[in-house]
Amino acid sequence: MKFPIYLDYAATCPADDRVAEKMMQYLTRDGIFGNPASRSHKFGWQAEEAVDIARNHIADLIGADSREIVFTSGATESDNLAIKGAAHFYQTKGKHIITCKTEHKAVLDTCRQLEREGFEVTYLAPKSDGLVDLDEFRAAIRPDTILASIMHVNNEIGVIQDIEAIGKICREHKVIFHVDATQSVGKLPINLAELPVDLMSMSGHKLYGPKGIGALYVRRKPRVRLEAIIHGGGHERGMRSGTLAVHQIVGMGEAYRICKEEMAEEMAHVTKLRDRLYNGLKDIEETYVNGSMEHRVGSNLNISFNFVEGESLMMALRDIAVSSGSACTSASLEPSYVLRALGLNDELAHSSIRFSLGRYTTEEEIDYTIDLVKSAVKKLRDLSPLWDMFKEGIDMSKIEWSAH
């Protein structure tokens, strides 16, 4: 067993060896290093063919047409292109957007920027299990609503939104529907030939591909139009200019190809280990799972350990790589905005740990993690006067703490 044990796959995944090997063939002069936009010689043709093959692999995994795949620098850019691109293109029809308070920052901050430009955004509060209330979503739609953005799987709590039902509501009201599928592609079956989704963001590195590459699915029928946010040579059908990073695209394509072949087996393995972890930790007193266990991706477990400070617990768990909150916000000492949106108090939000499992997680690592977490929580609670008071039956909420 190698230390520290990596249980932060929702932050990033190592590139699969097969992906890294494939990418190396597109970097040096012995390989295929051409610019796919060079149409007058073999170097360009070979590079273009490699990009086309990768585009097909990505489309195959999600049930799309390869012409609906636009390459970007990652899911953050895909979110920006989808939301800003659609908002700017359709703003003559209306300037109202709907999203959820638990979305990724790439969606929330993009919406905030649009608010500064004069758009109006409704931020829906999720139910306590993390799911969007469909009646509330329907009620939020106005005649001037042009776009809704709801993520498929949450990066912190792993809950799966019913994007089919939300998409149907959007179709009824002719609202464009964007889905951030960064955490669901390769973990859940997705068939865009059937799902009522217009725009979908994807990442390379969350599926054992390289960092710095992502894609945006843009529906052709019914056609969705976007205004570009990066201008230049008109690459990617004018939606995203810039020389295509062939080695990155090939890496992402290979990662998606592998996922299509191995997803069912891999998710069964990961879910079994996640359940083993959950069963090992659920009996610790004052332990709460954040988000629905029923509608949850198999790789995620987010637990709050009451009366334990999250940062102290992280330090006590030096042998395992986990996070409190998401990787994008885990450096801040603010409690997770996702958990606060579920209605958790600051104490519980602060004491949460996200375990995210992946392709290379083993049973041995999970058993070690269970033992380590149990002993760390016990040790920290033994040092906590709050835990003593709780055990004595004192109601914490009724105590008036004096300020010094």
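Using N, Cα and C of the backbone, Cβ positions are placed for all residues, glycine too.
Noted in Swiss-Prot for the protein shown:
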{"type": "BINDING", "residues": "Ala75, Thr76, Asn155, Gln183, Ser203, Gly204, His205, Thr243", "note": "pyridoxal 5'-phosphate binding site"}
{"type": "MOD_RES", "residues": "Lys206", "note": "N6-(pyridoxal phosphate)lysine"}
{"type": "BINDING", "residues": "Cys328", "note": "[2Fe-2S] cluster binding site"}
{"type": "ACT_SITE", "residues": "Cys328", "note": "active site, cysteine persulfide intermediate"}
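Comment: pyridoxal 5'-phosphate site residues Ala75, Thr76, Asn155, Gln183, Ser203, Gly204, His205, Thr243; largest CA to CA distance 30 Å, whole number. The distance from the Cα of Gln183 (pyridoxal 5'-phosphate binding site) to the Cα of the residue listed as 'N6-(pyridoxal phosphate)lysine' comes to 7 Å. Classification of Asn155 (pyridoxal 5'-phosphate binding site) by DSSP places it in coil, neither helical nor stranded. With the fewest other C-beta atoms within 10 Å around its C-beta, Thr243 stands out among the binding-site residues Thr76, Asn155, Gln183, Ser203, Thr243. Rounded to the nearest whole angstrom, the C-alpha distance between Asn155 (pyridoxal 5'-phosphate binding site) and the residue listed as 'N6-(pyridoxal phosphate)lysine' is 11. For the recorded positions shown (His205, Lys206), fewest C-beta neighbours within 10 angstroms: His205. A C-beta separation below 8 Å, combined with a sequence spacing of at least six in one chain, links Gly204 (pyridoxal 5'-phosphate binding site) to Gly74, Pro210, Lys211, Gly212, Ile213, Gly214, Gln248, Gly251, Met252, Ala255. Its Cβ placed at the centre, Ala75 (pyridoxal 5'-phosphate binding site) has 27 other Cβ atoms within 10 Å. Here Lys206 (N6-(pyridoxal phosphate)lysine) is positioned 10 angstrom away from Ala75 (pyridoxal 5'-phosphate binding site), judged by their C-alpha atoms. Thr243 (pyridoxal 5'-phosphate binding site) sits 23 Å from the residue listed as 'N6-(pyridoxal phosphate)lysine', taking the C-alpha atoms as the reference points.
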